[in-house]
Amino acid sequence: MKGLLYLVILGLICCTNGKISEGELKQYLNDVYEKEASDQCYKTAVAQFDFETDVRNKKKEELTTNLTLEQAAWEKSVWTKYFKDVVPEEYEDPTIRRELKFLKVLGSAALEPKKLEKLNEVNNRMTEIYSTGKICPYKNHKCDLTKDGLTLEPGIENIMSASKDYDELVYAWTKWRDATGAKMKDLYKTYVELSNEEARANNFSDKGEYWRFAYEDPQFIDNVDAIWKEVEPLYNELHKYVGNKLKDRYGDKLDMKDGLLPAHVFGNMWAQSWEHLRDLVEPFPKAGQMDVDAQMKKQGYTVLEMFKKSDEFYQSLGLYSMEMCYNESAGAMIRKPTDGREVLCHASAWDFCDKKTFRLKMCTDVTFEDFRTIHHEMGHVQYYLQYKHLPYSFRHGANPAFHEAVGDTMALSVSTPAHLKKIKLLTNFEESYESDINTLMNMALEKISFLPFGLLIDKWRWDVFSGAVQPEKWNSHWWHYRMKYQKVKPPVERSDTKDFDPGAKYHIPGDSQYIAYFVAHILQFQFYKSLCIEAKQYDPHNRAVPLHRCDFYNSVEAGNKLKAGLSLGSSKHWSETLEIMTGSKSVTAQPLLEYFEPLYKFLKAENEKLSPKITVNMSTMIIEKFGPNNTRVLFSRKTEIHTDQKM
Ligand code: X8Z
Ligand code: ZN
């Protein structure tokens, strides 16, 4: 009733002088918009969660679509009436100005309903292909997929991480791409067209520019490029060190003469994390084993215990309990269902916009890798809780990278040998130079290996959305970036007509921007260093105890520092929030480089011993061309390439 009264008053005001007064706008936002937006968001989120945990269920899909369209219609009507013509600069209160900056961007509701429905349908089809993709086992490659087909999680991922059979890995790598990406190429074309139309209806030049808007940085592309340049030397040393070990494992099967490594031998479907190569590349095998997986199995860890342990870590910093988000009776999905439902396993954290419903969705295995993913997901939920008091339009991360960095920061502390000892997941581990290098290598296999992948996915999509590359060249352009940044190549020939390899990675069909993870992999070391200093676990002026040994467990001071930033949501420009959290106004790779410094020195020295003459400049070395029949021709432009015996 009260809401209706405001609508009437505002309606009159709009029609008389064309501008809503500041007081009235505040009142509308507080008393009407807040509740309506939250209610709309809640209904859609519940339906979307139900659908993603039962992706073959047509009724659930239909309900999700209907509610999405209903929400869009509501958004459009409110936007047209209140936000479309407002000029944020005309208002005095900086908070209102900032709220309006966000509210002026209508989003997907800017598409006409038929087109929005179509975009929704295309997204659902791509999600269905990805989440139900199956392949036959290597030894039974003509199997009946419905009976014996392997799904990505856990089946295919286990092959990729555990198999040392080069040909089996080629098989799993190729079949996964046949089962997913190749089937969505045409859908992706429609997706790009409609997504761009949506972006243009919101006054952006294309969807890439629309996504980058969230970073509030006109120099964003240049800045991420500059960060990459800072960390690339470390990546190159790691790549070279790991490449030589892989050569030991695969011998003649592995061709690395061109400086590129085949993409399927890194223990991961996308070569984005190399942690499963740990045993192969461990620098000092005698200096203490970090076999946390084995400890978890030995102690009979359960999935639920993993979530509780993570929750306990956050609470030790004086942060909120997150019990509700992994409570299965409250709707959370923390393991893969066994009742016949097919689900989208890719881990995610959900905010249902009602300030009290938060859920995780994850097909958890009892492994250290999943233990860290739990910390990552809990980081999202902690953020949701910390900013839940804010107005609806500020209930976001300072920028998307902040959201991705929170849980990873916790995992950096949890992954230290010191912490793993405290929680009894590590025994017989003595700290020494050698064990430090082993630990840093484990971290680099997860964090440094990821950097070029984190960067290239959206580099590719920005080019696709802007039209810099046409659909006929999408796949070869993908491989151009894979070669340029990750320095990996496909193990078998790829074609621009048949293949669509980007679609074999969740975030492409999932319409989920990715550069956030690249920035987060830099930012999390800034957060970590700051929290370590706050917890008095690291002294940057007297680096007697190195940064990577810091565990800020139990530090309420560290928790308070984190809270001070997270509780601002997106109400301030991220540089202000970052300054509060770290003392720096800009994203910098310095803490990451400080953390990995001992490993960098070690890698350089080892690599020099291996091949003192290598002077390849990888980033300018490879030019890739697709010939008239889509045959891949690789040739090197630099002549100054010296190889050691192994290449
Ligand atoms: O997608 C994720 C999270 C959910 S936000 C599990 N990550 C990226 C990926 O899996 O590719 C975390 C690291 C990168
Ligand atoms: Zn995440």
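Note: Cβ is positioned from N, Cα and C throughout, glycine not excepted.
Any TrEMBL annotation is an automated prediction that lacks curation.
Owing to the predicted nature of the structure, the values given are computational and were not obtained by experimental measurement.
Bond annotation: of CYS345, CYS353, only CYS345 is listed by TrEMBL as forming a disulfide with CYS363. Only one of CYS353, CYS550 is recorded by TrEMBL as the disulfide partner of CYS532: CYS550. For the recorded positions CYS143, CYS345, GLU377, CYS532, a Cα-Cα cutoff of 10 angstroms around GLU404 (Zn(2+) 2 binding site) retains GLU377. Residue with the densest Cβ environment among the disulfide-bonded residues CYS143, CYS345: CYS345, by other Cβ atoms within 10 Å. The disulfide-bonded residues in question are CYS136, CYS363, CYS532, CYS550, and the one with the fewest Cβ neighbours inside 10 Å is CYS136. Among the recorded positions listed (ASN140, CYS363, CYS532), none has a CB atom closer than 6 Å to any atom of ligand 1. Of all the recorded positions in the record (CYS143, TYR215, CYS532), the one with the smallest CA separation from HIS507 (active site, proton donor 1) is TYR215. In the vicinity of ligand 2, defined as a Cβ distance under 6 Å, the following of the recorded positions GLU404, HIS507, CYS532 are placed: GLU404. Summary of the Zn(2+) 2 site environment: with the site residues HIS376, HIS380, GLU404 set aside, the chain residues having Cβ atoms within 8 Å of the Cβ mean position are ALA349, GLU377, GLY379, HIS403, ALA405, VAL406, GLY407, ASP408, ALA520. For HIS376 (Zn(2+) 2 binding site), the same-chain residues 6+ apart in sequence whose C-beta sits under 8 angstroms from its C-beta are ALA347, GLU404, GLY407, ASP408, ALA411. Distance noted between the C-alpha atoms of CYS143 (disulfide bond) and TYR215 (chloride binding site) is 47 Å.
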